[in-house]
């Protein structure tokens, strides 16, 4: 009896002794990040994305500006941070991907890992579609003048297209030149072949970044994780010099307290945390599995959460300064849908950037 208790105590002192020979060999052979900065940038680049730059400003507009920040920050502390810490911890301890981690915990939980992989695949499909739109705008941004700066001339060269004049050049470029949208869903329309090329290019970029695992990810992340902050900073500095910028900021940070009584606000805030931190996608578990087992994952979770929240507010600030400027030029409900980012950044990169200081 004493020998049994002694063996139990000895095993509890060193958790690695409880691993089987196959698991121990797999853990030893698993690659590791070159440094801590690579790992943090990769997690931040994975977590921070369209949910911060695209969806968060839209929800702020829907739910009364600054009022949405309150349930968002509460959900971040009590929902996002614990789940993020859990994913980083189990990936780092078991040193496996999402499916392997949940299978190691219990064979009955394999479905959780499979579900994470399925969700990541489905989200990747529409995320790369948005990336294709970004590439489309990127290629057109080298033109002078910008194609969304002025309405196209009509066939008789006697004026601008009537459809564009009734709307804006930005809207026309988005709905006609980019999407070539049809009047209703029953009319499929023709494929936009240049968008198909952009979509294929987007998938090629993803493939190149992942071709050799964390070796290529760790090198590419220095650019892919930091460049968006540079672009957002450029937009913010320029937008703050434009008339009406303070109007947009006032709208963002002035809360409408009545909206907090709506339970949908709290539901969307909790949902937004999953989008913002990319929880339950399996990627964070995989990234943390390349860490040494004694890494401080609790500190990593706090750092990633703080930077994530900062990015959401930072991106919303950029968009709302542009909205404030736009309000001085034309009254528009800029954030009426999820296409708002393309509209606002197009205004910022078109008319706003060319306004005289």
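Heads up, the Cβ atoms here are built off N, Cα and C, so glycines get one too.
Under 8 Å, Cβ to Cβ, and six or more positions away along its own chain, residue 45 (Na(+) binding site) finds 221, 224, 225. According to TrEMBL, the feature Na(+) binding site maps to 45, 47, 48, 52, 276, 308.
If you look up TrEMBL, you'll see 1-16 marked as compositional bias 'Basic and acidic residues'.
Per TrEMBL, the feature compositional bias 'Polar residues' maps to 17-28.
Look at TrEMBL and you will find 1-30 tagged as region 'Disordered'.
Taken from TrEMBL, the feature transmembrane segment applies to 37-56 (among others).
The transmembrane segment feature in TrEMBL is assigned to 62-84 (among others).
Residues 49-50, 54, 90, 94, 97-99, 178, 194-195, 198-199, 201-203, 205-206, 280-283, 285, 342, 345-346 of the same chain sit 6 or more residues outside the transmembrane segment (105-138) yet have a Cβ under 8 Å from a Cβ within it. Feature annotation from TrEMBL assigns transmembrane segment to 105-138 (among others).
Residues of the same chain lying 6 or more positions beyond the ends of the transmembrane segment (193-214) and with a Cβ under 8 Å from any Cβ of it are 31, 33, 38, 42, 124, 128-129, 131-133, 135-136, 139, 178, 220, 224, 287, 290. What TrEMBL records for 193-214 (among others) is transmembrane segment.
Residues or ranges marked as transmembrane segment by TrEMBL: 226-249 (among others).
Residues 30-33, 39, 42-43, 46-52, 55-56, 59, 68, 71-72, 74-76, 79-80, 83-84, 87-92, 94-99, 101, 113, 116-117, 119-120, 123, 214, 297, 300, 304-305, 308-309, 312 of the same chain lie 6+ residues outside the transmembrane segment (269-290) yet bring a C-beta within less than 8 angstroms of a C-beta in it. The annotation transmembrane segment is assigned in TrEMBL to 269-290 (among others).
What TrEMBL lists as transmembrane segment is 302-323 (among others).
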Residue 47 (Na(+) binding site): tally of other CB atoms within 10 A of its CB: 25
Reduced DSSP assignment, residue 48 (Na(+) binding site): coil
Non-site residues, in chain order, whose CB comes within 8 A of the mean position of the CB atoms of 45, 47, 48, 52, 276, 308 at Na(+): 44, 46, 49, 51, 277, 278, 304, 307, 311, 312
